[in-house]
Amino acid sequence: MRVYQFCRPFQLFTCFLCYLLVFVKANKEKISQKNYQVCAGMYSKEDWKGKIDPFISFNLKKISGLSDESDPGLVVAIYDFQDFEHLGVQLPDEEMYYICDDYAIDIGICEEENRDEFIVQDVVYDPYTSTNRSLANPIMTFSQNEVGLHDTRYPIKETGFYCVTAFRSSTSTKFNAVVNFRNAYGQLAGTEINKLPLYGLLAVAYVVAMALYSFAFWKHKHELLPLQKYLLAFFVFLTAETIFVWAYYDLKNEKGDTAGIKVYMVFLSILTAGKVTFSFFLLLIIALGYGIVYPKLNKTLMRRCQMYGALTYAICIGFLIQSYLTDMEAPSPLILITLIPMALALIIFYYMIIRSMTKTVIYLKEQRQIVKLNMYKKLLYIIYASFLSVLAGSIVSSFIYVGMNTIDMIEKNWRSRFFVTDFWPTLVYFIVFVTIAFLWRPTDTSYMLAASQQLPTDPENVADFDLGDLQSFDDQDDASIITGERGIDEDDLNLNFTDDEEGHDNVNNHSQGHGPVSPSPTK
């Protein structure tokens, strides 16, 4: 019994739209009787230089259930996506007939020499442009019923989005095949090759930014805040992580999707989980006033932040491991076991950051700590701007394709899709982190700002504070304030996520006398 001979006009196109969500991210892709179509972006040798001529090959790994020796097994078509409308012929009853068999030959819609191949029309009517349309590139079609690599490769002469479709001749036939989308430059898929130079440039940018921050760190090494040490350590981590990402794409382009590359990918995912988790953790302790509003956080509160960060990190790792163990061709709802907790953990993290940041800003405003208040306002603006930037990237990309018809959009989307979904958020993250690090960088005054009380803006209270207070710290006083070893009342730093434990009400509104400032929470 022949199958897939008839099909409604929109069904084949619907399949392509579905596959846009999971199109090839490597140069080789498996297809079977369940997933019989796959597409990938391909570059011509003129557009992206390389050692070989780009091609698409079809390798049948397994086939069973053939009805007899004359059974053609599989009927395969390799073509440019924009030519998909040229496949098949519409019958008088408006059904589409795709395969050239006895029936198709009898009614005259194909020739005997094209038996057991896809029916291809050289000119078709394009409903999107309301014009007749010719083939943009040749369509290669053949049948195969034996295991092995097909002896003819499909050459890529023009950059485009190419597809492979394999129809089985009977419902009992089962098969597995591998399609190799081989570009001239190496093993990377066309959708990923642009990441190689971009992540290389990003790694260089991280190195330069880290060097500048490290210079400021070294220059003021005797006037450092614990927060600035956190920032430098995270700078080193982010720089190394970006270099590892660039190295991953470079190795994958040279070696292909090997077992070692898969292990490397898992390693990168673990680093990414650490990047996300520590970013939230760092923002949380900054939002709580660590290093600027308070010399240090209460040990219990800091331990809670660290434990929650570790829990979130473990959940992210669990999700990534499960996602790698899950068959993407047959996704399971069991992935929700780790996906939902991860989403909830990050949402809670975000809520705590915004809530703590808002309370800190209100507190600084009430205490009229203008310099510190401006720092935290800038941080809030940076956070909001980052969200708007990511959102703007998606909106702009959507508007770019609004004026295109569906085929043109698909033909061009694969080249730039990675930038919106992958690299643009990474670039925004880099800009945000560097901006925050610059805002909290070591300076001649940053240490004194964190360990001193600011002159009140209320004229009635000016006499309560003297600028000589800032100059009364000796080295021992400075160390005691930062380490918390001198005169710290546990209640003064008893910060928590509740209103009563936030710690803002425990701060002295004015300094008393002209001695060293008490190591209670500073303003």
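Just so you know, glycine gets a Cβ as well, placed from its N, Cα and C.
These numbers come from a predicted model, not from an experiment.
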Q: Quickly, which of Asn132, Asn509 does Swiss-Prot have down as N-linked glycosylation site? Just give the residue.
A: Asn132
Q.
Would Swiss-Prot have Leu225 on the same side of the membrane as Arg417?
A. no
Q. Quick one: which of Thr131, Thr171, Thr457, Thr498 has phosphothreonine in Swiss-Prot?
A. Thr498
**Q.** phosphothreonine according to Swiss-Prot, picked from Thr129, Thr258, Thr483
**A.** Thr483
**Q.** Annotation match for phosphoserine in Swiss-Prot, from Ser64, Ser70, Ser480
**A.** Ser480
Q: State the count of C-beta atoms found within 10 angstroms of the C-beta of Asn132 (N-linked glycosylation site), not counting that atom itself.
A: 9
Q | Per-residue pLDDT averaged over the topological domain 'Lumenal' (27-197), given as an integer | A | 90
Q) So how many of the residues in the topological domain 'Cytoplasmic' (219-230) end up helix, strand or coil by DSSP? A) 6 helix, 0 strand, 6 coil
